[in-house]
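Colleague: Just passing along the structure, written as structure tokens.
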Amino acid sequence: MASSEPLPPPTRDVIDSERIAHGVVPFDSTNDDKAIESHDADADVDADVGVDADVDADPESLDRVASGPPYTVFSKATRRWIVTMIAIAGLTSPMTANIYFPALNPIARGLGVSIGLINLTLTTYMIFQAISPTMYGDLGDMAGRRPAFIIGFSIYMCANLGLALQNNYAALLVLRMLQSAGGSGTLALCFAVIADVSVSSERGKYMGILSAGINISGTSPVLGGILAQYLGWRAIFWFCLIFSSAWLIPFVLTVPETSRKVVGNGSIPAQGWNMTLLDYIRSRRHPSVEQSAPKPKLRFPNPFNSLRVILEKDMALVFTYSTLIYVVFLVVTATLSTEFAVIYRYSDLLIGLCYLPYGIGCCCAAVTQGYIMDWNYRRVARNVGMVIDRRRGDDLTKFPIEKARLQVAYPFLVAGITSTICYGWLLQAEAHITGPLVMLFVIGLCITGSFAILNTLIVDLSPGAPATAIAANNFVRCLAGAGVTALIELMLRSLGRGWIYTFWALTLVVFSPALFFLAKFGPQWREERRVRLLLSAAEK
């Protein structure tokens, strides 16, 4: 017989767990005063909570009472510096993959091996590109973002040094895997940092800045072609080493820890290697009695934490469609060099320049889609009568975040699918180069823009562990990409240029009901997951 005794009141840990599940900063009574003082000193944030005379026109402008610590105490200038550094870090993984493409033939000649063996280094790179973020994502959520970034870039730098000096194929194969393990793993951390420092109503523009950094990599084949042609293929790896070193030094010196599990909203002083080097030197010279963040309990990163996210119903739909978008992008970019060489008989350098319209389209998408996402978030909030709280963050329990994000993706997807089909048949007809280049720009704008929107939604759906969720998405898409890369040449020769691009574009159409299911049932599934996590936290 069931007991009729009332349940005990929830503990502070359970309340904090619930607030994290909502995407709201946990309570921290010992640091509330400090956090509020820091907030009051920040005029940029104060402006967001002022009173507007026309409150009926915009519920977002209603007066709000400062009833707790802000979502983040980092100033606007600090947030900009953090996001700028993270955007540069996000460039590293895709740049490393793309800058390598123009050097395939010179490397094969230099090492005396076949193109088939060199292509194997692409496949192994993508396999580690899928696996390593599952380790770094869990490490970043457990120990903090700074330690994970430092470890990843240190491995990446050592691998590039080895690649620049090696002289045999076995070393190339192993070091490319190590290069991927170091550089690719940090990509999930970049999205997590954006979640750390931005509320959901402003996340679009910050994700846009990150996406701009990532999408600039679309132009890296041009740089790879120039370096390989004029300085030799080893110059590519020397460039990657110099680039990563130039990033890591200011990061270690100045970029603060942002993990909410380590420093909360930034008001709790970090310890150990979670501190910037400048802060560490300052603390040694002038010891402080302020309460510091407790040292996180370290353990070996568990990649299965990321894999468990894949089993969530809403996440599974997002991951599936995001992977299909990535496959379309991969089919276009991976075949561009070979098909343009056959059709237009361009040199390696000219083929590298043909990636520019795609890269420009990617950058335009990054700049525009972030602001469009924030605008649509405000529009949906007005429609459902929710008051936006830019200071503390919004409680998304009753807010249709899936609808707010996906409405922006639909027109991008329609244009991206149409342009991909047109691109294929223009190549089939061997049309003038202007046509395919225009389509490449639209594909970069719309296909990559849709992919970035879904990444933002993944972060919104996983406020407690965004790095783990992004790592899970990366795992799925990169394994699928590795499989498609192995079969793409066979499909191209079997189906022809027109039909291979049409096939993958129509795959997006066939699976598009997944997005409508997500918009309709996503809030219900998200609430079920929140309740399940609360019960699990209460049991612990």
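Just so it is clear, glycine is given a Cβ too, placed from its N, Cα and C backbone atoms.
Predicted automatically and left uncurated, TrEMBL annotations should be read as such.
Sharing the features that TrEMBL gives for it:
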DOMAIN    82-522  domain 'Major facilitator superfamily (MFS) profile'
TRANSMEM  81-101  transmembrane segment
TRANSMEM  107-128  transmembrane segment
TRANSMEM  148-165  transmembrane segment
TRANSMEM  177-197  transmembrane segment
TRANSMEM  209-230  transmembrane segment
TRANSMEM  236-255  transmembrane segment
TRANSMEM  316-337  transmembrane segment
TRANSMEM  349-372  transmembrane segment
TRANSMEM  408-426  transmembrane segment
TRANSMEM  438-459  transmembrane segment
TRANSMEM  498-519  transmembrane segment
Colleague: Taking contact to mean three or more C-beta pairs under 8 angstroms, with sequence separation of 6 or more, is the transmembrane segment (148-165) in contact with the transmembrane segment (498-519)?
Modeller: no
Colleague: Across the whole of the domain 'Major facilitator superfamily (MFS) profile' (82-522), what does the mean pLDDT come to? Round it, please.
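Modeller: When the pLDDT values over the domain 'Major facilitator superfamily (MFS) profile' (82-522) are averaged, the result is 86.
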Colleague: Take a look at 81-101, 107-128, 349-372 and tell me which one has the most Cβ pairs under 8 Å to the transmembrane segment (177-197).
Modeller: 81-101
Colleague: Below 8 angstroms Cβ to Cβ, which residues of this chain, lying six or more residues outside the transmembrane segment (236-255), approach it?
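Modeller: Distant contacts of the transmembrane segment (236-255): 81-82, 85, 88-89, 92, 95-96, 99-100, 103, 146, 149-150, 153-154, 156-157, 160-161, 163-164, 179, 183, 223-224, 227-228, 276-278.
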Colleague: What else in the chain is close to the transmembrane segment (316-337), if you only count residues 6 or more beyond its ends and a Cβ gap under 8 Å?
Modeller: 98, 101-102, 218, 221, 310, 351, 354-355, 358, 413, 416, 420, 423, 440, 443, 447-448, 450-451, 454-455, 457-458, 461, 472-473, 476-477, 480-481, 484-485, 488, 492, 500-501, 504-505, 507-508, 511-512, 514-515, 517-518, 522
Colleague: Determine whether the transmembrane segment (81-101) and the transmembrane segment (498-519) share at least three Cβ pairs under 8 Å, counting only pairs 6 or more apart in sequence.
Modeller: no
Colleague: Where else in the chain does the transmembrane segment (408-426) make close Cβ contacts, counting only residues six or more beyond its ends and a cut-off under 8 Å?
Modeller: 325, 328, 332, 365, 369, 372-373, 376, 435-436, 439-440, 442-443, 445-447, 449-450, 453-454, 497-502, 504-506, 508-509, 512, 515
Colleague: I need to check the long-range neighbours of the transmembrane segment (349-372): which residues 6 or more away from its ends have a CB within less than 8 Å of a CB in the stretch?
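Modeller: For the transmembrane segment (349-372), the far contacts come to 98, 102, 204-219, 221-226, 229, 332-333, 336-337, 340-341, 408, 412, 433, 437-438, 440-446, 448-449, 452-453.
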